Amino acid sequence: MNIHLKTAFNNIRRSPFQALAAVFVLFVTFFVVSVLVIFIYSSHQILKHYETRPQVIIFIKDNATISEVDALRSKLGGDLRLKKVNYVTKEQALEIYKKATKDNPMLSELVSPSVFPASLEFSVVDLSYAEPVISELKSESIVDEVGYTASLGGEETLTDVVARLRQIAYYIRLTGGIVVGFFLGTSLVLMVVIISMKMSVRKNEMEILDLIGATAGFIRAPVFLESLLYSVTGVLSGWFVSFLIFLYLTPSLTKYFQDIPILPSSTLALLGFFGILLLVELTVGLLLSLTGSVMAVARTRKRK
């Protein structure tokens, strides 16, 4: 292995510009891959946030009894389509109103708990369950009104927001797949061309090794190691630059998006996320280098 590795380094030193070109293209490829993976992950987190946040409010009629409210609450709690069922009393509703109007205390002094209706709030596991659940709840005798959280507007507004987010997430994944495929294909072609050129330059040397009885594996091992060095260097450099950029941007992004966890908030979780990304990219880089080497060897053998 040592002699093969030494031969691979010698081959790189003989044509540094070709090696630099291969590493640069691989660097750009895996930098773009890292950025696109993060964008896809972030768009999924944004979509998941709006699909699963507490979003439906049931306003209870004033003449509803405690037993009726408890029965409806139990019914909602046992529905597998729903989660985070929360009961808000009239007094709690007043406290929420006071917090919302704390800058103008005169407004809160003019109202009493009786003004506010009691309510049940919950979120759906998937937004597709929202419409049938709301239709069912509207038929309940103690339900006065059913609506979405005010911050997102009405039913149509929320549906439109999530539909647009789904469409954006789909196009990000589609565009990302096309771009990644293009860069990986470009890297593979460049690697095949560069390795083929180097094997052509070393043609006499390889023929001499063949004549003195060297095995095919012994002759080709430096070629595989050289392409592997290109891939590992390109993957590590592209991943590392993207990691530094997002490590710097994460606090600002987290502050801007607030409750939406577009990236892991803790340093340990962020390191774990990028660690998994590095392992995946190294695996892809290994497959890319092996494929490029095999194709270059096959291409060179056809020329003989």
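Note: Cβ is positioned from N, Cα and C throughout, glycine not excepted.
TrEMBL has this to say about the protein:
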type	residues	note
TRANSMEM	20-41	transmembrane segment
DOMAIN	55-146	domain 'FtsX extracellular'
TRANSMEM	170-195	transmembrane segment
DOMAIN	178-288	domain 'ABC3 transporter permease C-terminal'
TRANSMEM	228-249	transmembrane segment
TRANSMEM	269-298	transmembrane segment
Margin query: Could you tell me the mean pLDDT the prediction assigns to the domain 'ABC3 transporter permease C-terminal' (178-288)?
Written below: 79
Notebook entry, point to check: Between 170-195, 228-249, 269-298, who has the most Cβ pairs under 8 Å to the transmembrane segment (20-41)?
Noted result: 228-249
Checklist line | Helix-strand-coil residue split for the domain 'FtsX extracellular' (55-146), DSSP-based | finding: 43 helix, 22 strand, 27 coil
